[in-house]
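Report on one structure; see the data block that follows.
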Amino acid sequence: MSEETLTTEVETRTNFITHIIDEDLASGKHNNVYTRFPPEPNGYLHIGHAKSICLNFGIAQEYHGKCNLRFDDTNPVKEDIEYVASIKQDVEWLGFKWQGEPRYASDYFDQLHGYAIELIEKGLAYVDELSPEEMREYRGTLTEAGKNSPYRDRSIAENLALFEKMKNGEFKEGTACLRAKIDMASPFIVMRDPVLYRVKFAHHHQTGDKWCIYPMYDFTHCISDAIERITHSLCTLEFQDNRRLYDWVLENISIERPLPHQYEFSRLNLEGTLTSKRKLLQLVTDGIVDGWNDPRMPTISGLRRRGYTPASLREFCRRIGVTKQDNVVEYAALEACIREDLNENAPRAMAVINPVRVVIENVAEPEILKAPNHPNRPELGERDLPFTREIYIDEADFREEANKQYKRLVLGKEVRLRNAYVIKAERVEKDASGKITTIFCSYDPETLGKNPADGRKVKGVIHWVSATQNKVAEFRIYNRLFNVANPGDEEDINAVINPSSLIVKHGFVEVNLANAQKEQGYQFEREGYYCLDSKEGSADNLIFNLTVSLKEGFTA
């Protein structure tokens, strides 16, 4: 595959779709593979879209084919160029490059209009003037057949004239539409004379004010696939019944053969998250989150800001696979992918999130120590650690009294400082409320990189940061946004927001992190994996987001 088509190698597992493609190529039904990723630009992409992106681009890569990026932009009321830009950015960030220029369904509006006229001329479409309420009533239910519209038997000439009036803006919104003439008694509601065109007086981000009639998704999607010569149109299971309409439209218009075929796979249902764009938008507009890229959001941009890497999301999509069975994927499976990625690749650093001051009384002069940036990757080099008389440790790493299971600093006992010396807690200083403000210690200068010479055992190791050579930092500790496993089932999502989904703390990091780069993941030793916030963080305002805990099951 050429670099101009795809830039990322994706390992795909065999699945029912690859089996179908293998059969199509072997039989000569197709001699190439052409897929597409067709989002509607009415919101930011989420983790479910990542699965579709990896599937469509991954299959194109595996079969040395092509994959288009096409915006299904048929509803100008909900769409915006902001979403177009974000979608392009997300696809590229995940590591993919589409074939040629991005496509738009609106590129085909003239052709779609022509095919609509063809259906009218064949007696397969008519202009209906039922109100939306009447249309719902006439449509019937799953157990009751629909009934024909009183406008269904208009002549071809009358329908052509009325459709032209629709195009010319002579009907108000909701007063007329073009419907396919199929079967109002069909057991599949989607086939009960579905709407093909409706009137909308709205400015379109691509076509401006050229049109006041816009085609419906089901009419547009299949024709766009055929125009682009897509061989395998991959959709999620909720479009399974729509395949009948997909095939009906293509079989009844004069478009080049062979026709594309639609195949459905299960959508991604991730435990504890929402993928409804409407509900995600509600979180944004209600101020529950600070935007589509809030690190608690399941959007690709939110996961990116939180510190997820493209490789981790691609690996997650590979692991969950492609099936026809709906299931719920545990959130831990997603976390495992980023945890493994960062464990292997993230440089190490130390951060004290809940600081308490320590004075090492027998330190005479500051000393520069060396620490590896990664214990298993010597090629990543070393960093300088200033060891000073005053340091900070985490308040959870000290107790005045403790049992043998507590392997940290205890009054009168020793512990090792990470990448440094053994220290001993001698006494403490408290404020008027009894809170410890300072721990006074001594250190053994002969223990750098080795055990005490007299053979005494020091079991615990704690992290630390110099109190005089550091950088102040804010730490944003993210937990699940919802306190229920299936927030999508809730009527009022605001009622199930986890009040502890964001905990903000202030502390200190190594002075080296003054040069932290946005989206660079770090393992803050004994704390978790963090990255510099890409929206608000900077060298002068260090804000680190918790990407994932060091171990599964941790919550702040």
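Keep in mind that glycine also has a Cβ here, set from the backbone N, Cα and C atoms.
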Task: Among ranges 39-49, 380-390, 446-456, whichever one Swiss-Prot labels motif ''HIGH' region' - done: 39-49
Task: Stretch carrying motif ''KMSKS' region' according to Swiss-Prot (options 274-278, 304-308, 399-403) - done: 274-278
TODO: According to Swiss-Prot, Glu40, Pro41, Asn42, His46, Ile47, Gly48, His49, Ala50, Lys51, Ser52, Arg267, Leu268 bind ATP; identify which of Thr231, Thr236, Thr309 is listed for that same site.
DONE: Thr236
Task: Rounded inter-Cα distance in Å - Glu40 (ATP binding site), Asp72 (L-glutamine binding site) - done: 5
Open item on the list: When secondary structure is assigned with DSSP, how many helix, strand and coil residues does the motif ''KMSKS' region' (274-278) contain?
Closed with: 2 helix, 0 strand, 3 coil
Open item on the list: Please report the three-state DSSP label of Asn42 (ATP binding site).
Closed with: coil
TODO: Quick one: of Asn42, Thr236, which of the binding-site residues has the smallest count of other CB atoms within 10 A?
DONE: Thr236
Task: For Asp72 (L-glutamine binding site), nearby residues of its own chain (Cβ under 8 Å, 6 or more apart in sequence) - done: Pro38, Pro39, Glu40, Ala105, Tyr217, Thr220, His221, Ser224
TODO: Mind computing the max CA-CA distance among Glu40, Pro41, Asn42, His46, Ile47, Gly48, His49, Ala50, Lys51, Ser52, Thr236, Arg267, Leu268, which the record assigns to ATP binding, rounded to whole Å?
DONE: 19
Open item on the list: Using DSSP and collapsing to three states, where does Thr236 (ATP binding site) fall: helix, strand or coil?
Closed with: strand
